[in-house]
């Protein structure tokens with residue numbers, strides 16, 4: 001009886017734990033138990049054989065292992081095993097970005113506004129060349145004019161403007177500055193405008209001259225490496241300006257100079273930074289901390305004493321064509337309750353970057369829809385010849401060719417001059433040119449005396465050249481932002497423009513990948529130029545290469561290849577930048593013995 005009862009107990013225990021014939025049956029049986037024994041009737045008809053004690057224990061171990069593998073419960077922790085979970089990036093949308101004022105990036109009759117739509121101060125006259133307001137101007141100017149007519153009692157809100165190249169951003173701060181200066185002469189410095197390159201300084205000064213009335217009430221001074229430092233200092237001392245347009249390095253040089261009198265920033269009303277993305281990540285250590293310190297009132301909330309003395313922090317206006325991609329970096333500018341004016345994706349080539357999105361504006365660049373892009377793929381040894389054929393085939397009047405290195409510009413200029421004899425003039429513009437030589441060369445190009453201008457990226461930012469028909473990337477740009485800035489030299493103010501990029505099969509692969517990631521590939525046309533296409537020009541091309549080889553060999557013997565281009569104007573000397581290391585000499589107290 002005892003053995004019979006043990007057998008019955010064993011049968012009862014094994015009704016729910018029948019070992020199947022194959023390995024997959026373990027999982028089937030576990031599923032059956034989990035589902036509430038729905039198939040009890042069919043299983044009950046089967047007769048289970050008695051199991052030995054060792055078999056039961058082995059079956060239990062298998063069940064534990066399978067259960068742990070399925071993630072239902074973990075019996076033992078496996079040493080060295082780490083469970084990783086993919087977490088979604090936290091997306092934060094700043095309120096000032098979410099409430100941005102948008103405008104169309106396309107300039108045409110449907111988006112432009114009549115001049116009567118904006119009421120200008122009486123002392124400002126509209127130049128005859130301007131017939132309408134562009135979208136960015138119509139969006140920004142009314143609010144800035146209102147603050148000038150009715151100044152807020154406390155610190156005004158700062159402004160960030162993200163608009164495509166050639167959309168008319170410069171007027172968005174030129175007119176408010178002239179309105180703040182007023183119609184009566186004064187010796188108060190109202191605005192400081194900072195730009196990254198010398199050529200842009202001269203361009204902005206010319207824009208002020210266009211809008212300033214005949215009496216010239218507003219005194220505008222340019223400070224850059226194109227002028228002699230001591231001459232600039234004497235000009236500042238004899239006739240204090242209302243507006244300063246400068247490069248950051250030259251402004252710091254004047255602010256820290258021992259030549260009296262110093263520039264007074266205590267009553268500054270506008271601090272404007274054009275092409276802000278070009279200023280670099282060390283701009284705060286190099287010059288921004290110094291300017292904010294001398295302005296005063298930027299590190300604390302305005303108090304009653306500041307209101308009585310009419311001393312307040314200046315209003316910052318930050319502009320760039322790629323500003324919307326660098327929304328995170330705007331924190332470096334220490335903007336006060338900023339207002340964002342941004343181009344919309346409607347009627348514009350919207351370029352969404354592949355970087356993680358912080359908000360709905362970050363990661364976007366805008367390129368005018370009037371620009372067409374073509375990618376020419378050929379062997380590197382035929383690149384100069386491909387550029388020559390593209391220029392002559394399309395009959396461009398003004399062509400800007402971008403290169404990455406100075407040596408490339410010299411070689412390409414020599415070859416194109418040989419190929420283009422008796423057809424058109426070719427010249428090259430690099431950062432090694434100083435003083436008047438820069439402006440003379442740009443003036444010749446604007447007057448169409450030079451049909452082709454080879455340049456480095458010193459002209460890729462902000463510089464407005466007259467009616468550039470085509471931009472050629474002889475060396476492909478390293479990133480999408482540089483591509484947008486280069487392309488922005490053509491197709492300005494709603495005009496048609498063409499961009500031609502030249503590369504080989506290897507560089508094409510990386511370049512196309514970059515454009516597709518940022519949705520810049522779009523309507524790009526790809527053209528393959530095989531060797532037989534160049535046969536008609538091969539004799540002239542061979543002679544040009546022989547001439548280049550002889551010139552390089554001659555320069556190597558005489559050392560001429562190492563000589564820097566002859567400079568005119570003042571002799572520029574590179575100085576160390578102590579502030580780049582985070583030093584702030586203006587904060588150091590003078591020690592008394």
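A Cβ is built for glycine as well, from the same backbone N, Cα and C atoms used for every other residue.
Here's what Swiss-Prot has on this protein:
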BINDING   163, 164, 165, 166, 167, 168, 169, 170  ATP binding site
COMPBIAS  10-19  compositional bias 'Acidic residues'
COMPBIAS  37-66  compositional bias 'Acidic residues'
DOMAIN    386-533  domain 'Helicase C-terminal'
REGION    1-69  region 'Disordered'
REGION    552-593  region 'Disordered'
MOTIF     377-380  motif 'DEAD box'
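Residues in the domain 'Helicase C-terminal' (386-533) partition by DSSP class (helix H, G, I; strand E, B; coil) as 64 helix, 27 strand, 57 coil. Listed binding-site residues: 164, 166, 168; maximum Cβ neighbour count within 10 Å falls on 164.
Take the binding-site residues 165, 167, 170: by the count of other Cβ atoms within 10 Å of each Cβ, the lowest one is 170.
Other C-beta atoms found within 10 angstroms of the C-beta of residue 163 (ATP binding site) number 26, with every protein chain shown included.
Per DSSP, the secondary structure of the motif 'DEAD box' (377-380) breaks down as 1 helix, 1 strand, 2 coil.
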